[in-house]
């Protein structure tokens, strides 16, 4: 005879949030609510009103639901009872305590359950809410990563380094990702809820959240606001009325909070590294391993021909004739996941770019696309392979536009996709990952990838040994506020003397290639070049470049050499980064959890002019309580003098943390610095 089972009569329950969240590595989000990862069991303690739990004699019907239209067919609803032991491949529950009036109930979700807010109904006893995240520690999860050290960096680290500057001089900029700060997970879940696919078909969208490919594509569109109620509005001019300069941000927390608390109005303003950093924060918050990547000399190919055409006038200055651009650098993120939708071999890091550049399937988003597909030239793979392939591989053709309207191709060596960089695992060193995107130049594998990608221009290129060679050389370090020399170095490889014209100019430039005003210029009509090497210097005076520099601190040098004998033109172009002064941070006292701490912050004025309206701002995950701390100086800081403040904060968690600092003034804007602080228990 079948024994009749008695339903458990539940009086109350304890979600054991502190134990479960710690076990699921979500405790930094707080322990006030249940936040667990899929494919891993969690425990709820049930206190019975009457009767006792009897193995084999007690029953409990459980239901879990997510989204506004839960359905078993879409995997957004499941009903299940008690079993002898947990089954990690589906929703399951088992009692793990001995018979008695207090019952430990272990519940497990499948490793492909949709992420988001779930409701668990405990028979007639009531219901509880919890948040379910991706689980990169679970072998069955599509985002599984088999290195504890990498997971500490790509999921748990709340701060990082973004590389800006130029490929010859990468500048590390600290960033506070803050994915576990108060309110950030709610904002990330709201991003998913506000995406147009969810608003159109919420049931299908909730089901789609099982798939990190789908969610990464949604994030790529939602971090910018070009088609939706997304997080950030981009601006690439110097006019930041109605918002703040993208350089003023030190982290993602303020941005995500502003968006969430202001009815999803876009935060103003972002540029590529800000879009990428916010995408990194959201990916890590949801449980997708993520890292931020910088591509130096990044091509923006608008017509998908893998060629960037640049035009210069007879002074070697860039003339904007095409929407194709080369950005000094461009940042995106890589998310880690399997790609069951592609042929085998394309699992691992995937490029996802939230900066709005070109439309994909009618929306401003890009990716995810496997790095392997870019490297192998597999441009038909999803999503947006041709655009990313061009960013790191496009060919650059330069033409001179003469006054009479005619054009002539000129000899110029400009390479794109240089020194692709990310922060190293477990340290602040730069890791070069160019080899993950492309084969060594000139190798057979590179030619094979170009053949697959139909990149004919690169295949046809012959390295002709030009009679003349021109390059630009600079000092090892050019500091903002100093005067310095730059040099056009010309080599005459022929046995004869050459008569040439040299136009050597400099202009301020923004990081995305938009040219500003002249910073120094020289036009030599009669240069006699004997066989061998010679050089011409151009003096860069602070008094000349100071007022023309953009916030990016970049100057574009261009040297155009015209050979009167052959009528050939040779162009050398180089962007130089002017280095800001160092911010020094000294921690006063022993850093301990929940104990007030002081930091003394100093910056020496390197400019020949006084600094006014000086202001230091700092923030740090688990250091400044999720807030930005501001300290202003009332006095003027004379040349060579120190701007110095003391800032107080109270760390909330032990471990290694970054205190991120920004200095701003009338003449020296958004100088970044940081200090790693080890907080004791």
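Numbers run from 1 along the shown chain.
Note that Cβ sites are derived from N, Cα and C of the backbone, with glycine treated the same way.
As recorded in TrEMBL, the features of this protein are as follows:
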ACT_SITE  272  active site
ACT_SITE  330  active site
ACT_SITE  353  active site
BINDING   393, 395, 441, 446  Ca(2+) binding site
DOMAIN    264-356  domain 'Transglutaminase-like'
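Annotated features, which come from TrEMBL, shown on the structure.
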residue	record	Cβ within 10 Å
272	active site	27
330	active site	26
353	active site	31
393	Ca(2+) binding site	24
395	Ca(2+) binding site	23
441	Ca(2+) binding site	8
446	Ca(2+) binding site	19
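Looking only at Cα atoms, residue 441 (Ca(2+) binding site) sits nearest to 330 among the active-site residues 272, 330, 353. According to DSSP, the domain 'Transglutaminase-like' (264-356) comprises 15 helix, 41 strand, 37 coil. Distance noted between the C-alpha atoms of residue 446 (Ca(2+) binding site) and residue 330 (active site) is 23 Å. When the Cα atoms are compared, residue 353 (active site) and residue 272 (active site) turn out to be 9 Å apart. For the pair residue 272 (active site) and residue 393 (Ca(2+) binding site), the Cα-Cα distance reads 19 Å. Cα to Cα, residue 330 (active site) and residue 393 (Ca(2+) binding site) are separated by 14 Å.
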